[in-house]
Amino acid sequence: GRVVTVYHALVIEKERKCLNFELSVNVKEVQLARPPEGAKATVSIEACARHLKNVDATMSIIDISMMTGFSPDTDSLDRLMKGVDKYISKYEVNKGANDKGTLILYLDKVSHIDEECVKFYAHQYFEVGFIQPASVTVYDYYTPDNRCTKFYHVEEGSALLGRICQGDICRCAEENCFMQQQIEGKITADMRVNMACAPGVDFVYKATLTELQPSDNYDNYVMTIKKVIKQGTDEDPEDKTRNFISHIKCRKALNMQLNRDYLIWGVTGDLWRQPDGYSYIIGKDTWMEWWPNERECQQRENQDLCDDFETVSDNLEIVGCPN
């Protein structure tokens, strides 16, 4: 069999507080009338900077790493250099290691009053399983240590946001992070039972988040399965750990916290057969809801939720699904 390894590379250069420059980055997917040959998709990347001191910054550099598979459009860079406004004095495109190219823009000045914005196109020439986030850094040529870095990525919900790949198997990472996001209003015990019993739902677990392993573009939530409420394809997960994989863009929305318990269910299509058991994708068909512990259940604001969970659990374990 094929050995599947998931590498957990942490983003080392976290966004540090920027003291000398204000920096923002905006990425949008665009449709060009005449895209260059071989381009599968095009984005516009706009970086805006302002100097935070009370004078303009003199010669400054904007250093842009490209998202995997993307290359900058030189025509749009030439226009920035040669236009009436002459936004940049020159640029350099460097092909980096492992196909992460970088683009260096030289600016004669960065104003301390107005933002200086540079906007150019980048084309996707080859598709990768997962587009890695990239970064934009601005610094003064003479004091390169005082730099400001921001990470950027294709916009939420973009088809380019792409897929989670392990080896040669890819799955879409939906922009819908988990199921309850699509429900408005109060969620009752009956609703939960009906949804957990819907066709396609494979398993229902109570699980504890024991470890979070972040990587460049997705998070691996290591969960210990406390209780199998409804048995699924994964034959004997109780008291064992399982990996639940989610797109990094969903981290805030999921807001999962270590050592908390969760009610989880998901569909068969989100199970991933691996040599040592199954991994699970967290996506728009995954229910992921905080399950308060005994102490938290005694707090008044959690009592209804805890009662609901007992009802759901008893119903599914004792009565089972109606279908």
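Each residue's number is its place along the chain shown, starting with 1.
Each Cβ is built from the backbone N, Cα and C atoms, and glycine gets one as well.
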* From the candidates Cys297, Cys306, Cys321, select the one that Swiss-Prot records as forming a disulfide bond with Cys197. => Cys321
* Structure fact -> Among the candidates Cys170, Cys172, Cys177, the one bonded to Cys250 through a disulphide according to Swiss-Prot is Cys177
* To do: List the same-chain residues at least 6 positions away in sequence whose Cβ sits under 8 Å from the Cβ of Cys250 (disulfide bond), in sequence order, or say none.
  => Cys177, Phe178, Asp219, Ile282
* Under DSSP, is Cys321 (disulfide bond) helix, strand or coil? -> coil
* According to DSSP, folded down to helix, strand and coil, what is Cys250 (disulfide bond)? => helix
* Asked: Which one of the disulfide-bonded residues (Cys177, Cys197, Cys321) has its C-beta surrounded by the most other C-beta atoms within 10 angstroms?
  -> Cys177
